[in-house]
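A.B. asks: Swiss-Prot feature annotations, pasted as is:
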- 26, 28, 29, 119, 321: NADPH binding site (BINDING)
- 29, 58, 321: NAD(+) binding site (BINDING)
- 29, 119, 201, 204, 321: NADP(+) binding site (BINDING)
- 143, 146, 148, 150: Na(+) binding site (BINDING)
- 204, 215: L-homoserine binding site (BINDING)
- 219: active site, proton donor (ACT_SITE)
- 368-445: domain 'ACT' (DOMAIN)
């Protein structure tokens, strides 16, 4: 928990009181938030105990036409808007990091509760934002920052607060899931599948943040922080994208009864000192087709949680898009508004555990290696001996003969990442190994 002393109880404005909203950003998500608040205003007022009233909308260009919005609501001065006394809740859907950080901190320090959908902001500055919210005795909500419409932050913070979470693993990026699903279902290569995702609007003009795993890493940091009560930033998350996944990798996975997904994996484990530690990583992963996450297709997202008492749980749905994200944002607005009307405050950041964050080399998992090797007697024995010398046990070896060499697909038992990395470097130095085409990690069903 934060070190600040416990703030005084917020008694609330009282039933029937209006709750003033400042909306920062009016793009796809902001427009949908405004539409939902307008369309369902009466219903929301009953659920909250008082009406939501939009006091202003901060935009970058006030001259741009915006259908259905009163011009007097628009402003280019976000800081002046959040300082208004009739604003109770600030909704940040701008995007980016540094400017939103300044605005959100200013809002919290001004005594406004904040709802944000900005995963990059939360992953990079959660500690600073949480401390500011605690000091001002206001709420900081960010359900939409992780998986769009899928409720997972709330369940981890509240519903599973009495349990011991062992792992959180999920498909948290719709763009990469669409691409991998297209490769799996059509046999297309990565470039063609990315082009199709771009054509359909699932991928940005610059897809780097998605396909290289950075977006998923931000979300993994948030999930790990909540699940394990330890501050984790995106810099703590090992990150590897999907741009090197080939059609041959997909075909090999299918032949083995697996599928490839880009997963965010957060785990608590016992390290070599015998103490609890956590790891957070994002990378392409082979999943057995029997695993619940293997059936998550197209641009859908899902988060798979394992807890000591509750067992296995999965949260599934739309992880992106204007309306799904706006749904999660508005859910947070309702929660913050209830506290403004009736008093109280939502649970804040809980980082009492302060567990060490393991180096990626301490990760233990299974591996799938695809190699081109010389096709002659003794090669298999030579390579098997190398794996054994490095302390890595082999689960299966499959060889495909070709005209001038052989394709070797090796699956290991569980091994340390550091041991596997060292072994790969030794394999590259072997004259009998012509190429290492891919190294992909495996998860159990």
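Yeah, the Cβs are placed from backbone N, Cα and C, and that goes for glycine too.
What you see is a predicted model, and the numbers here were worked out from it, not measured in a lab.
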A.B. asks: Determine the mean pLDDT over the domain 'ACT' (368-445), rounding to the nearest whole number.
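C.D. replies: Reported value for the domain 'ACT' (368-445) is a mean pLDDT of 95.
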A.B. asks: Highest CB neighbour count within 10 A among the binding-site residues 201, 321?
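C.D. replies: Going through 201, 321 one by one, the largest Cβ count within 10 Å is at 321.
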A.B. asks: How big is the Cα-to-Cα gap, in Å, between residue 29 (NADPH binding site) and residue 148 (Na(+) binding site)?
C.D. replies: 10
A.B. asks: Nearest of the recorded positions to residue 321 (NADPH binding site) by CA-CA distance, picking from 143, 148, 150, 215, 219?
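C.D. replies: That would be 148, the closest of 143, 148, 150, 215, 219 to residue 321 (NADPH binding site).
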A.B. asks: Out of 146, 150, which of the binding-site residues is least crowded by other Cβ atoms within 10 Å?
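C.D. replies: Counting other Cβ atoms within 10 Å of each of the binding-site residues 146, 150, the minimum falls on 150.
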A.B. asks: Among the binding-site residues 29, 204, which residue has the largest number of other Cβ atoms within 10 Å of its own Cβ?
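C.D. replies: Sorting the candidates by Cβ neighbours within 10 Å, the top entry is 29.
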A.B. asks: So which binding-site residues are near residue 146 (Na(+) binding site), with CA atoms within 10 Å, out of 26, 119, 201?
C.D. replies: 119
A.B. asks: List, in sequence order, the same-chain residues at least six positions removed whose CB sits under 8 Å from that of the residue listed as 'active site, proton donor'?
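C.D. replies: Set apart from the residue listed as 'active site, proton donor' by at least 6 residues yet with Cβ under 8 Å, we have 119, 123, 145, 146, 147, 172, 173, 264.
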A.B. asks: What Cα-Cα separation, expressed in whole Å, is found between residue 201 (NADP(+) binding site) and residue 28 (NADPH binding site)?
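C.D. replies: Cα of residue 201 (NADP(+) binding site) to Cα of residue 28 (NADPH binding site) measures 13 Å after rounding.
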A.B. asks: Of the binding-site residues 26, 28, 204, which one sits closest to residue 148 (Na(+) binding site) when you measure Cα to Cα?
C.D. replies: 28
A.B. asks: Can you give me the same-chain residues 6 or more apart in sequence from residue 58 (NAD(+) binding site) with a CB-CB distance under 8 Å?
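C.D. replies: For residue 58 (NAD(+) binding site), the qualifying residues are 22, 23, 24, 25, 75, 76, 77, 78, 81.
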A.B. asks: I need the CA-to-CA distance for residue 143 (Na(+) binding site) versus residue 215 (L-homoserine binding site), whole Å please.
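C.D. replies: Distance (Cα to Cα, whole Å): 15 Å.
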